[in-house]
Amino acid sequence: MPINKAKSLKGEIKVPGDKSISHRGVMFGAISEDITELTGFLDGADCRSTIGCFKAMGIDITQEHDHVVIHGKGLHGLSEPQQVLDVGNSGTTTRLISGILAGQPFVSTLNGDESIQKRPMGRIITPLTQMGAYIRSLKNNNCAPLEVGGVPLAPLRYDSPVASAQVKSCVLLAGLYADGITSVTEPVVSRNHTELMLSGFGANIKSEGLTATVVGGPKLVGQKIEVPGDISSAAFFIVAGLICPNADLLIKNVNTNPTRAGIIKVAQDMGGNIELLNERVVSGEPVADIHVTTSELHGCEISGDIIPTLIDELPVIAVMAACASGTTVIKDASELKVKESDRIATVTENLTNMGCDITPTEDGMIISGGMPLKGTLIKTYLDHRIAMAFAIAGLVADGETTFDNEDCCCISYPDFFKTLNNLTNQ
Ligand code: S3P
């Protein structure tokens, strides 16, 4: 679907359910007693991979669009899968499920697509091995395919070298199967959905400063969870509403957990008209409606502790920076290199092709904004967030913006182009 310059952007939308929360709802439901019911579930390819893995381990899960019912079998109720567990494109599935598999009395094999086979798994192999788990990269390259499981686990106090909620969650989930207290200390706090949600399921889990701690062997009990809209999906429309002319957008029911909401602070720092309305708490998570209107933006520095709170939004934040006057410097974000694509490289290549002055650095990028963008063929590298970020750039570019692949949006936002099209045609 080619994207053309938008004359205006007005309306009210709801974005799909939060991806991180949807994954966790299925996983924690599967290892809890009784039924877990999720409404507002993200019916995207990544979360379907998680459902597929637990079905393959004997968990009865029914799904109708965004409504999912999981018949949990308790901490020790999973059965040995008869096939390779297919994690698709999903890093969250791979890393979190490995923590659970490490505590099972059987060995499982995990594998996924080409992208997942390049993503670093040494970061979970190290702590799980320290807990006594059996985990092996079958190609000896610290990537999937992985073989996991089979031995009793010891608790661990882990000092993680990276701020990663996937690593933290993997170790905490393995900690459920260890006899004693397991903790993870991060260099900077990452998203805390695991801590919030596992506590709701009955685990003894706490976070204090940079450290999250869990006590092994809890009885987890199924929950009803309303999954809020994903701020990582709302981000595309937040930026669209700020950079398009004559824009006035209301994005309803978005998760605004402070460990995820860095984009709101950055948009404000850049001079954006952005306000949170109707702030409330739903299933233990802060939620609000987000209102944005056309803004005169200026560049800023984005670095330090805020980075994990907006790591997935940096491609579309780079697009916002390209439309802002002055220079934006993004630092401390080397994790971008190990996402679904190397996002320092893929953002740089596409923004350069659109006529923007951008310099990649070891841990981020420097963007001199304010030059007119021109439409081009976007190279997505099959990365959903690259496709969507550059669809937003296309709304302010001269000429047509096209994509080598649009289907990759199905990972996190299957109706993205439809929603965008509805808004621009009003
Ligand atoms: C996620 C954590 C982040 C994020 C990913 C989802 C999660 O990854 O980029 O999209 O659900 O825990 P890292 O923890 O590796 O930074």
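Note: Cβ is positioned from N, Cα and C throughout, glycine not excepted.
TrEMBL names Lys19, Gly91, Arg119, Gln166, Arg385 for binding phosphoenolpyruvate. Of Arg48, Arg260, Arg343, the residue it gives for the same site is Arg343. Take the Cα of Lys19 (phosphoenolpyruvate binding site) and measure to each of the recorded positions Ser164, Asp312, Lys339: the nearest one is Asp312. Spatially, by CA atoms, the recorded positions Ser20, Arg24, Ser164, Asp312, Lys339 include one closest to Arg385 (phosphoenolpyruvate binding site), and that is Asp312. For ligand 1, no neighbouring binding-site residues occur among Arg24, Arg119, Arg343, Arg385, by Cβ distance under 6 Å. The secondary structure of Asp312 (active site, proton acceptor), as reduced to three states from DSSP, is helical. Look at the Cβ of each of the binding-site residues Lys19, Arg119 and count the other Cβ atoms within 10 Å; the largest number goes with Lys19. Among the recorded positions Arg24, Ser164, Asp312, Lys339, the ones whose Cα sits within 10 Å of the Cα of Arg119 (phosphoenolpyruvate binding site) are Lys339.
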